[in-house]
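Annotation comment: TrEMBL describes 30-39, 150-166 as domain 'Uroporphyrinogen decarboxylase (URO-D)'.
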Amino acid sequence: SLVNSFLDFPQLRNDTFLRAARGEETEHVPVWCMRQAGRYLTEFREFRAGKDFFETCQSPEACCELTLQPLRRFGFDAAIIFSDILVIPQALGMDVQMVAGKGPTFPEPLKEPEDLQRLTAKVDVGKELGYVFKAITLTRHKIEGKVPLIGFSGAPWTLMSYMIEGGGSNTHSKAKRWLYRHPEASHMLLTMLTDVIVEYLLGQVAAGAQALQVFESHAGILGPVHFNEYSLPYLRDIARRVKDELKEAGQDVPMIVFAKDAHYAVEDLSQSHYDVVGLDWTIDPQSARERTGGKVSLQGNMDPCALYAPKERISDIVKKMLEGFGTRGYIANLGHGVYPDMDPENVGAFVEAVHQHSKQMIKKI
Ligand code: 1CP
């Protein structure tokens with residue numbers, strides 16, 4: 001049950017990230033990076049070498065090791081479980097392969113609404129995705145209470161777009177064709193995904209996840225009208241259903257929504273039952289704060305490419321970012337993931353700059 005599984009986890013020693021997510025006072029601004037486990041780390045490349053990506057995702061021991069690697073190097077205030085958003089389409093019965101140099105590839109993507117019949121109608125989430133739950137429980141033990149562990153899922157529209165495009169895309173025109181041509185089938189698919197995502201996120205909490213992030217990475221390709229019809233209602237539904245269920249079990253697990261490039265939706269996202277709104281770098285910190293009116297905590301949003309700058313410059317950029325967001329109800333992060341060619345030393349400089357500047361700013365308040 002939800003409660004019993006928590007009894008024997010090590011005591012959490014750094015809850016800065018959880019307090020910031022709830023808008024409470026902290027001694028420093030917490031920081032973590034999307035894709036903090038990744039190819040920019042030599043130890044990651046060595047560990048992953050010669051192994052299939054999704055086989056790695058299916059090994060709890062491998063996921064645990066890859067989640068812990070960045071924590072051994074840097075003073076991150078949170079860890080995110082190593083996995084991928086595309087494990088959900090796999091659970092629905094689709095074949096997904098990680099092709100070197102190309103990224104995730106679906107040999108048989110959905111083409112027409114009839115193809116929805118190929119998807120598993122009633123997914124047994126515990127059976128199909130139990131390996132992720134095992135990875136979370138193992139990692140929660142092995143992390144020894146150092147920092148909280150974040151679970152995650154892709155959001156319905158982002159997953160739908162992969163399932164129709166069959167992989168990465170610049171235009172997402174195949175998936176958007178469905179929105180214009182097959183609105184009913186689109187809603188049917190989004191509803192199916194939402195039901196699985198809710199169960200998946202609740203399973204992650206039962207397994208030991210202490211916060212949840214929902215990635216709507218492909219929000220930017222939708223305009224405001226389509227976002228309001230095909231993304232926002234499902235994002236809201238996910239948070240409301242997960243929160244309601246957790247409340248009944250007496251649990252409060254912060255939820256983060258990251259809708260990349262959806263700056264037009266920042267007000268709506270701040271009123272969609274999430275505790276934290278994650279931001280990409282195309283929005284100015286101060287205006288994000290004004291537009292969300294202190295209703296939620298904010299996370300983000302340094303341009304990942306700022307990590308190519310010299311360390312002193314990174315420190316200045318971080319200071320400005322902290323001044324823009326303020327130190328309360330704020331979680332520092334990049335506006336998207338770390339890229340494979342980035343210098344780990346500069347990631348370390350980013351983390352240290354957040355801690356150092358924010359400590360000074362908080363002391364002065
Ligand atoms: O072999 C490898 O290591 C491939 C690189 C890689 C990694 C490290 C992929 C392939 N996925 C991951 C792990 C991953 N994916 C994590 C782990 C934890 C961490 O962040 O440290 C997370 C949270 C994800 C989530 C994910 N996968 C997203 C959402 C976040 C985002 O980047 O917007 C998306 C869109 C994916 C799909 C995906 N998986 C991998 C790639 C290269 C892609 C993007 C492909 C594309 O559409 O261009």
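A Cβ is built for glycine as well, from the same backbone N, Cα and C atoms used for every other residue.
Just so you know, TrEMBL annotations never went through curation; they're auto-generated.
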Practice prompt. Please work out the helix, strand and coil residue numbers for the domain 'Uroporphyrinogen decarboxylase (URO-D)' (30-39) from the DSSP assignment.
Written response: 0 helix, 1 strand, 9 coil
Item to complete: On the DSSP side of things, how many residues of the domain 'Uroporphyrinogen decarboxylase (URO-D)' (150-166) fall into helix, strand and coil, could you say?
Response: 10 helix, 5 strand, 2 coil
